[in-house]
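Novice: The following feature annotations were taken from TrEMBL:
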- A:5-24: transmembrane segment (TRANSMEM)
- A:44-65: transmembrane segment (TRANSMEM)
- A:70-120: domain 'NADH-Ubiquinone oxidoreductase (complex I) chain 5 N-terminal' (DOMAIN)
- A:86-109: transmembrane segment (TRANSMEM)
- A:136-416: domain 'NADH:quinone oxidoreductase/Mrp antiporter transmembrane' (DOMAIN)
- A:140-162: transmembrane segment (TRANSMEM)
- A:212-230: transmembrane segment (TRANSMEM)
- A:242-262: transmembrane segment (TRANSMEM)
- A:274-296: transmembrane segment (TRANSMEM)
- A:302-322: transmembrane segment (TRANSMEM)
- A:334-351: transmembrane segment (TRANSMEM)
- A:371-391: transmembrane segment (TRANSMEM)
- A:423-604: domain 'NADH dehydrogenase subunit 5 C-terminal' (DOMAIN)
- A:455-473: transmembrane segment (TRANSMEM)
- A:586-604: transmembrane segment (TRANSMEM)
Amino acid sequence: MDLSLILNTLMITTLTILIIPIALPLLSDSLKNSPTITTNTVKTAFFISLVPMTIHIYSGTENLISLWEWKFIMTFKIPISLKMDFYSLTFFPIALFVSWSILQFATWYMASDPYITKFFTYLLLFLIAMLILIVSNNLFILFIGWEGVGIMSFLLISWWHGRTEANTAALQAVLYNRIGDIGLILCMAWLACTTNTWEIQQLHSSSQMPTLPLLGLILAATGKSAQFGLHPWLPAAMEGPTPVSALLHSSTMVVAGIFLLIRTHPMFTNNQTALTLCLCLGALSTLFAATCALTQNDIKKIIAFSTSSQLGLMMVTIGLNLPQLAFLHISTHAFFKAMLFLCSGSIIHNLNGEQDIRKMGGLQKMMPTTTSCFTIGNLALMGTPFLAGFYSKDQIIESLNTSYLNTWALLLTLLATSFTAVYTIRMTVLVQTGFTRIPPLTPMNENNPAVTSPITRLALGSITAGLLITSYILPTKTPPMTMPVTIKITALVVTALGIAMALEMSKMTQTLILTKQNSFYNFSLSLGYFNPTMHRINTKTMLTGGQNIASHLIDLSWYKLLGPEGLANLQQTAAKTATQAHPGLIKAYLGTFALSTFIILMSMY
Amino acid sequence: AKLIFTISLLLGTTITISSNHWIMAWAGLEINTLAILPMISKSHHPRAIEAATKYFLTQATASALVLFSSMTNAWYTGQWDITQLTHPTSCLILTSAIAMKLGLVPFHFWFPEVLQGSPLITGLLLSTMMKFPPITLLFMTSPSLNSTLLTWMALLSAALGGWMGLNQTQVRKILAFSSISHLGWMAIIITYNPKLTLLNFYLYALMTATVFLTLNSIKASKLSVLMTTWTKIPPLSATLLLTLLSLAGLPPLTGFLPKWLIIQELTKQNMAVAATMISLLSLLSLFFYLRLAYCATITL
């Protein structure tokens, strides 16, 4: 049986099916798109994409399709080549599953929106761009997908464009992503000049791989995946509707940067500088984000920071030279993070738009399904044994502990893990337990199947995904098999410490003591003072520099002072001085004549 | 009376031009000086009298210096031939004397005031006829002259003519400084190719005569008056524009020809720096020519 033919056909079919709801309404006026059509399309695509994944698991088939070729210049050809290997074949079903659940949820969440069809079209466009990015074999096609997800992110974050914060958040997202794009273009240019190809499988690592293209790739990942330095856009992106946050900013778009690093991994293996940079950057990102999440009061911001923290953890894994483990974490993270966002969406809508966790409480009894799945998601996030998060997160921390790399990165990551537990427990306690702080007349109804079935589906995925994926995939690098007991249970101990501390501290909040100003609290609350300092300083420098060069230097100095006007002023001075030398006194004139004659005779003799 | 003065003027010029002996040349110069004095002071205005006085004093000094230089040469070489003026001191003194007669810097101070004090036709005679004999003398002694001195004087003339002309509103003074500037051009080339000096002088005389006669017809003596003269004889204002631009030396007008040839000759003689400098300094005079042209032709 020709498995590769089936694999190819079904993958292309998946992609084509997704394009149909967008393409057909353009061709004929009577065919209209609707939210249910979009949701069903994605559901169908998901089921179809399961078959190629199964084929891959069963027989290890991988494929590389090369379609038309763009003869850019004679010696540099850019084909449309799609690579169906382990990464793309596994990510397709996961992405489609998560998207299906999110779209189904969005039919309830955005039901009162007049442009709901446009919203779904945007989400579908985003999904197509993301899948193009995943399945590309070629940095060119990847760049198409990369830019596509960037633009759709901008459009979706500013969905409620009447709100200024939404507009500025969208602009922030685009600007920070653009800075990352510089890195990607740098790498592409270097590759085009040096190795004359943009194909992924032709990227090899020589023993002395220059660091420049790798720095470009790391910059691209920093921009897209919100590592420290280019991170402010991710919390700001929570201005978009919850389905957008769930799809883009938790499971799919933000992992594009990490995915790029996974794809181009052969280039990184030999360059220890780049790997250490990834390691330290990831460690810093994960700790910083976790610190910021400790004091946030908006439920979506807490989950956003936790996404940022997990992305840092993925970067750490890349830095440990374990791309497959990073991919595993991407996959498991998609499930529980999307579910956390959907649960928060359900809570927000049911509380009539309330996003502040200080105004929620005791929801366990009022919204049982949502809050149970919320708890499952939080436990998976913390790395509770045998839920989805455990398989990837614990393995990462074990590898970090048993490697001979940076201790500082290790300490930061462990600290971040405990912080994860702290803010998760805080969120859970404040949202679900204790006395309720919601207003009395709240129309709370979570019994809509459009709400409960996606959330429960994703909960199922959060529980089982880790086990399923690790059971069927052979690791390409041997995981550490033996280690001392303390090392083995480090992650668990650290998490448990975090839980204990959080529970203890949350009891303290019920005793009425006036809190003193705490600089650590202020640091966490103001997100490390990063936004005010960097945003103001950078823009002011650039703008004043521009004004200095254009206006002061060129216009005023060159043109007025030194250039033409300066010359004119010089002539005026000369004319005035010369006029003063002609007073009209004949005696002076005759004296000048005599003196000049005398000088001529003396000097020319 | 006017007839006597005109004939004396012609006589004096002819005597100097056609002379071979220094005494004859000096006599001609003196006749010229004396003949034009009454023409300058015709109106008996204090300004005119002052101009006449200044003119007389300066020209007398210059003539004395001419005589002195020729006597020194006669003492050393024993002959009075104009073309055989070979003694270096004589050449230097003669150069300064002729400069005084012509109005080259640093001997130019008298010229603007004299021109301002005299009527326009007399001014024309001062600028063209009275310059002819000294230039002839310079032409005849040109092989022995010191080129460094002449170059310096020429450059300074062009510079000072330009800068001073910029600050004037009286048309006659502007023309005086333009004359000084042109004399600079004439002086710079005399040791290399004296024919070009003569060419420059002839063309300059033609153009200046045009300007003076035009100004005389429209009776303009100040820039402010010049601005309202377009109503009198409009075509004349138009031609005045072209004449002024020709004086400035813009191609394709006639005034460009001597400048071009002079620059070419200077470059051939390895004097490229001097050529560049004198061209750049002429830009200053271009500005006041343009100002004159603007005032005369741009109707309000």
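Note that Cβ sites are derived from N, Cα and C of the backbone, with glycine treated the same way.
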Novice: Could you give the residue numbers and ranges of same-chain residues that sit at least 6 residues beyond the transmembrane segment (A:274-296) on either side and whose C-beta is under 8 angstroms from one of its C-beta atoms?
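Specialist: For the transmembrane segment (A:274-296), the list is 209, 211, 214-215, 218, 222, 226-229, 231, 235, 261, 268, 302, 305-306, 308-321, 405-406, 408-410, 412-413, 415-416, 419-420, 422-423, 426, 521, 523-525, 527-528.
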Novice: Give residue numbers and ranges for long-range contacts of the transmembrane segment (A:371-391): same chain, 6 or more residues beyond its ends, CB-CB under 8 A.
Specialist: 306, 310, 328, 332-333, 335-337, 339-340, 343-344, 347, 363-364, 417, 420-421, 424-425, 427-428, 431-432, 455-456, 458-459, 461-467, 469-470, 491-492, 495, 498-499
Novice: Does the transmembrane segment (A:242-262) reach the transmembrane segment (A:140-162) with at least 3 CB pairs under 8 A, where each pair is 6 or more residues apart?
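Specialist: By the criterion, they touch.
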Novice: Counting only residues 6 or more past its boundaries, what in the same chain has a CB within less than 8 Å of a CB in the transmembrane segment (A:44-65)?
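Specialist: Same-chain contacts beyond the flanks: 3-4, 6-8, 10-14, 17-18, 81-86, 89-90, 92-93, 96-97, 99-100, 137, 201, 472-473.
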Novice: Across the domain 'NADH-Ubiquinone oxidoreductase (complex I) chain 5 N-terminal' (A:70-120), what are the DSSP residue counts per state (helix, strand, coil)?
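Specialist: Reading the DSSP string over the domain 'NADH-Ubiquinone oxidoreductase (complex I) chain 5 N-terminal' (A:70-120) gives 29 helix, 13 strand, 9 coil.
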Novice: Express the predicted model's confidence over the domain 'NADH-Ubiquinone oxidoreductase (complex I) chain 5 N-terminal' (A:70-120) as a mean pLDDT, rounded to an integer.
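Specialist: A mean pLDDT of 91 is what the model gives the domain 'NADH-Ubiquinone oxidoreductase (complex I) chain 5 N-terminal' (A:70-120).
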